[in-house]
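Written out below as structure tokens is the structure these notes cover.
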Amino acid sequence: MSSVKRSLKQEIVTQFHCSAAEGDIAKLTGILSHSPSLLNETSENGWTALMYAARNGHPEIVQFLLEKGCDRSIVNKSRQTALDIAVFWGYKHIANLLATAKGGKKPWFLTNEVEECENYFSKTLLDRKSEKRNNSDWLLAKESHPATVFILFSDLNPLVTLGGNKESFQQPEVRLCQLNYTDIKDYLAQPEKITLIFLGVELEIKDKLLNYAGEVPREEEDGLVAWFALGIDPIAAEEFKQRHENCYFLHPPMPALLQLKEKEAGVVAQARSVLAWHSRYKFCPTCGNATKIEEGGYKRLCLKEDCPSLNGVHNTSYPRVDPVVIMQVIHPDGTKCLLGRQKRFPPGMFTCLAGFIEPGETIEDAVRREVEEESGVKVGHVQYVACQPWPMPSSLMIGCLALAVSTEIKVDKNEIEDARWFTREQVLDVLTKGKQQAFFVPPSRAIAHQLIKHWIRINPNL
């Protein structure tokens with residue numbers, strides 16, 4: 001009985017595929033209305049109805065099947081998708097239909113379970129306490145409080161020192177220089193020459209406030225240890241270094257900032273991004289007049305009384321963040337990933353493709369556009385994974401998995417230098433053996449590395 005059922009099903013599948021190949025939409029509709037599960041059924045050679053319609057040049061059938069939710073990412077035994085077939089046979093209209101159809105069915109190898117994770121630059125020591133930014137009296141009192149911590153920047157580079165025991169065989173830690181009021185009070189006396197940002201208060205209540213008992217009136221003590229970022233000019237920075245020989249300004253930012261402890265890196269990401277904004281917006285973007293710093297460093301106020309920016313809330317008055325999509329593009333069969341490289345990269349380094357989101361664009365559309373612009377590969381399903389602040393100067397890297405619906409690579413040399421498909425085995429070797437391989441990927445503190453590892457983890461049996 002089971003063999004009879006199998007034979008009957010095979011006959012129906014064959015009729016369904018033949019109607020797609022012949023362009024018989026009436027017959028196709030009739031079969032599908034009685035047996036909707038046939039939509040993505042494959043023949044012995046792995047072909048679907050969508051592939052047969054694409055091969056034989058029937059755009060109306062392709063459109064119909066797409067509207068029914070047909071999976072564009074299925075790969076036949078020749079490793080082709082429906083889009084690959086349409087491109088090979090020169091059916092441009094069908095290729096455009098397949099390439100521009102948004103979304104698509106989630107492939108079997110992508111899980112719904114995406115755990116929230118904290119990437120490098122996203123952890124912090126501080127509670128930002130944004131409600132205190134308008135309290136000028138509180139901020140002023142905290143500036144001179146003996147427990148307050150100041151971190152110094154010059155040209156956006158943080159002042160650091162090497163921690164650890166000199167007799168230790170371990171690599172010394174790069175730590176932020178945590179300064180106090182007496183270290184920097186001369187700079188605070190010249191507000192026109194500095195940029196001061198309130199970063200927040202320490203999350204953990206520590207005993208160090210007890211060390212200053214009696215120095216601050218009890219009624220003024222709230223138990224909060226404030227942190228500020230202080231930007232000074234290069235001349236002042238050089239003078240400071242001469243007085244503090246154990247400290248130095250950490251540069252260039254990449255890869256130097258990746259040496260910091262994770263929670264200190266989060267503080268630097270916050271401070272560096274806001275300081276970078278101030279360095280670029282000394283004058284009002286609306287009228288060109290001079291501006292002044294307000295709200296603990298989180299606003300610039302135009303000094304021209306009739307400036308339109310003073311009426312209402314305007315994004316030009318507040319620190320900006322630039323959203324960037326970064327995506328691990330997965331081959332339609334799930335066994336390979338697409339990585340690319342720019343000319344400025346170290347020799348042999350490949351990473352996930354990335355690009356800025358344009359105005360009026362969704363995350364998903366930005367992923368599809370950027371991948372096609374840089375590599376020529378078409379993308380269907382897009383799934384968010386995680387994000388990472390990236391203070392170069394102030395980006396938010398939005399990490400996604402993207403399922404390719406085509407496989408041919410056509411690199412735009414104006415965008416990137418190279419792009420290639422890499423097998424899971426190749427990527428695993430790189431992650432375990434590092435630079436001993438023919439190529440390498442970014443370090444573990446970059447979200448690209450985490451996206452690549454995420455793809456490896458969800459495909460253990462491929």
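Using N, Cα and C of the backbone, Cβ positions are placed for all residues, glycine too.
Source: prediction; values computed, not measured.
Neighbour density for CYS287 (Zn(2+) binding site): within 10 A of its CB lie 15 other CB atoms from the protein chains shown. Swiss-Prot lists CYS284, CYS287, CYS302, CYS307 with the feature Zn(2+) binding site.
Positions annotated as substrate binding site by Swiss-Prot, on the basis of similarity to another entry: TYR318, ALA354, GLY355, PHE356, GLU370, GLU374, GLU415. Sequence-distant neighbours of GLU374 (substrate binding site) (same chain, six or more apart, CB under 8 Å from its CB) are GLY340, LEU353, GLY355, VAL411, ASP412, GLU415, ILE416, ALA419, listed in sequence order.
ALA354 (substrate binding site) falls within a strand when secondary structure is assigned with DSSP. The Mg(2+) 1 binding site feature in Swiss-Prot is assigned to ALA354, GLU374, GLU415.
The DSSP secondary structure for GLU370 (substrate binding site) is helix. The Mg(2+) 3 binding site annotation in Swiss-Prot covers GLU370, GLU374, GLU415.
Other C-beta atoms found within 10 angstroms of the C-beta of GLU370 (substrate binding site) number 24, with every protein chain shown included. Feature annotation from Swiss-Prot assigns Mg(2+) 2 binding site to GLU370; the stated evidence is a large-scale study or a structure entry.
Note on the domain 'Nudix hydrolase' (319-453): its mean pLDDT in the predicted model is 93. Among the features that Swiss-Prot reports, domain 'Nudix hydrolase' is placed at 319-453.
Among the features that Swiss-Prot reports, N6-succinyllysine is placed at LYS185 (among others). Sequence-distant contacts of LYS185 (N6-succinyllysine), defined as residues of its own chain at least six apart whose C-beta falls under 8 angstroms from its C-beta, comprise SER144. DSSP assigns LYS185 (N6-succinyllysine) to a helix in the three-state reduction.
Feature annotation from Swiss-Prot assigns N6-succinyllysine to LYS292 (among others); the stated evidence is similarity to another entry. In sequence order, ARG300, LEU301, LEU303 are the residues near LYS292 (N6-succinyllysine), counting only same-chain partners six or more apart with C-beta under 8 A.
Long-range contacts of the repeat 'ANK 1' (11-40) within the same chain, counting only residues at least 6 positions beyond its ends with a Cβ under 8 Å from a Cβ of the stretch, are 47-50, 52-53, 55-56, 58, 60-61, 64-65, 68-71, 74, 105. Taken from Swiss-Prot, the feature repeat 'ANK 1' covers 11-40.
Long-range contacts of the repeat 'ANK 2' (45-74) within its own chain (CB-CB distance under 8 A, at least 6 residues past either end) are made by residues 16-23, 25, 28-29, 32, 36, 38-39, 80-83, 85-86, 89, 91, 93-94, 97-98, 101, 104-105, 107, 332, 380-381, 403-405. What Swiss-Prot lists as repeat 'ANK 2' is 45-74.
Residues 45-46, 48, 50-51, 53-55, 57-59, 62-63, 66, 72, 332-333, 378, 405-408 of the same chain, all 6+ positions outside the repeat 'ANK 3' (78-98), place their C-beta atoms under 8 angstroms from a C-beta of that stretch. Taken from Swiss-Prot, the feature repeat 'ANK 3' applies to 78-98.
What Swiss-Prot records for 355-376 is motif 'Nudix box'.
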> Looking at the binding-site residues CYS284, CYS287, CYS302, CYS307, whose Cα is closest in space to that of PHE356 (substrate binding site)?
Replying inline: CYS284
> For Zn(2+), what surrounds CYS284, CYS287, CYS302, CYS307 with a Cβ no more than 8 Å from their Cβ centroid?
Replying inline: PRO285, THR286, GLY288, ASN289, THR291, LEU303, LYS304, PRO308, SER309, LEU310
> Sequence gap of 6 or more, C-beta under 8 Å: which same-chain residues meet both conditions with respect to TYR318 (substrate binding site)?
Replying inline: TYR298, LYS299
>> Given the binding-site residues CYS284, CYS287, CYS302, CYS307, find the one whose Cα is closest in space to the Cα of ALA354 (substrate binding site).
In response: CYS284
> To test your reading of the Mg(2+) 1 site: which residues beyond ALA354, GLU374, GLU415, same chain only, put their Cβ within 8 Å of the Cβ centroid of those residues?
Replying inline: GLY340, GLN342, LEU353, GLY355, GLU370, VAL371, GLU373, SER375, ASP412, ILE416
